[in-house]
Ligand SMILES: O=C(O)C1=C[C@@H](OP(=O)(O)O)[C@@H](O)[C@H](O)C1
Ligand SMILES: C=C(OP(=O)(O)O)C(=O)O
């Protein structure tokens, strides 16, 4: 296991090219595999999570190769996947497991989906339940967790599903099963969730009816291969947006970052906190809005965050909490219980780490309250446990910019699930970070 050691202080300058979007990369592999024809994916995120998805399709007979900077995938068609001869191991990737569960429910063969210790703790009843209503035979353990055993060859029927939480993973799972169902599949969500699946299905020639928090899909004969240019990942960019905001004398440019309106909550939250963020050259890339982002240091202030803002920034809260700890006044997050069922319990784990670094934080069931320390240093140094959660590790790494002593972080191998190369990219921008092999 590697651990990070970050010396305190520093400022950030220059251009940071963050890697491709994780959500879009997973979907690009899935839809390319199911399409008729060949798809070229550029900007594919070569991270552990997305490579697990790619390996799962390779195990089901989908060929891929690298040509220059493109990942080229030969689609096998909606009914062309082959039975894998072993369980599909999806590692740490919740998106992969939940989306694949819907897809596997529609196949003629049986499959088993497994994952690592973190993924095996995450709730899967949220996909088992709607898929069972559609006619699938899918079972987890007694607590509704992975491994998931899926019996193939079951006829599926379209349903109208109203998930209890707004979740792109649940929605996408049901839509993927809906590709194989008899009749229309409808989803009506209690809130806004990211719409990468809908955008990419449309690009692959699948007609959808979309309304406010609603989507409906009719089964189709085939998906039409369509090249995908994956935007840079806003969730990875978020660490640098916060870092440049809290470090003095900093200015970073982040080119080609996805700013999908169902994902861009972190930009709006940081702007509301007083951040100096400017979006330029806004354009569309493979059906997704992207922009070049410029961030400069700025004094931040605490705000209240809740309601619809939560899902729009769901993966960015570890970074946002670091911003809040450097802000003038109090930041209060509510309505974010979903953070407790990510790769780690991100409310408890972030609260523990912030407290270790001397920040006054109060935990609630669905959020937390952070009293900011606007005078640098905002953090003491110390040793923080990432609980094998990539986003926790990266969040505490940037906290060192406002610390008075070194911060060390355990269990940082998992950063590769979403941001391979984080250490060298962050070091080149000005963070005094190094990765060390830990004793155990
Ligand atoms: O669909 C996706 O790609 C994702 C959806 C979100 O999860 P939920 O659907 O559970 O909100 C997010 O946290 C995850 O990192 C990626
Ligand atoms: C929650 C995340 O991913 P997943 O659900 O795919 O594991 C994340 O990347 O923060």
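One is the number of the first residue shown, and numbering goes on along the chain from there.
The backbone N, Cα and C atoms fix where each Cβ goes, and this holds for glycine too.
Curation plays no part in TrEMBL annotations; they are all automatic predictions.
Confidence over the domain 'Enolpyruvate transferase' (7-424), given as mean pLDDT on the 0 to 100 scale, stands at 98. For 7-424, the entry in TrEMBL reads domain 'Enolpyruvate transferase'.
Following the DSSP three-state reduction, the secondary structure of residue 23 (3-phosphoshikimate binding site) is helix. Sequence-distant contacts (6 or more apart, same chain, Cβ under 8 Å) of residue 23 (3-phosphoshikimate binding site) comprise 95, 168, 194, 196, 263. Per TrEMBL, 3-phosphoshikimate binding site is recorded for 22, 23, 27, 167, 169, 315, 342.
DSSP assigns residue 391 (phosphoenolpyruvate binding site) to a helix. When other Cβ atoms within 10 Å of the Cβ of residue 391 (phosphoenolpyruvate binding site) are tallied across all protein chains shown, the result is 28. Residues or ranges marked as phosphoenolpyruvate binding site in TrEMBL: 22, 94, 122, 169, 346, 391.
According to TrEMBL, the active site, proton acceptor annotation covers 315. The DSSP secondary structure for residue 315 (3-phosphoshikimate binding site) is helix.
Comparing CA positions across the binding-site residues 169, 315, 342, the one lying closest to residue 122 (phosphoenolpyruvate binding site) turns out to be 342. With all protein chains in the displayed structure included, the most crowded Cβ environment within 10 Å among the binding-site residues 22, 342 is that of 22. Not one of the binding-site residues 23, 27, 122, 167, 346 has a CB under 6 Å from ligand 2. DSSP assigns residue 346 (phosphoenolpyruvate binding site) to a helix. Close to residue 391 (phosphoenolpyruvate binding site), meaning Cα to Cα within 10 A, are none of the binding-site residues out of 22, 27, 167, 169.
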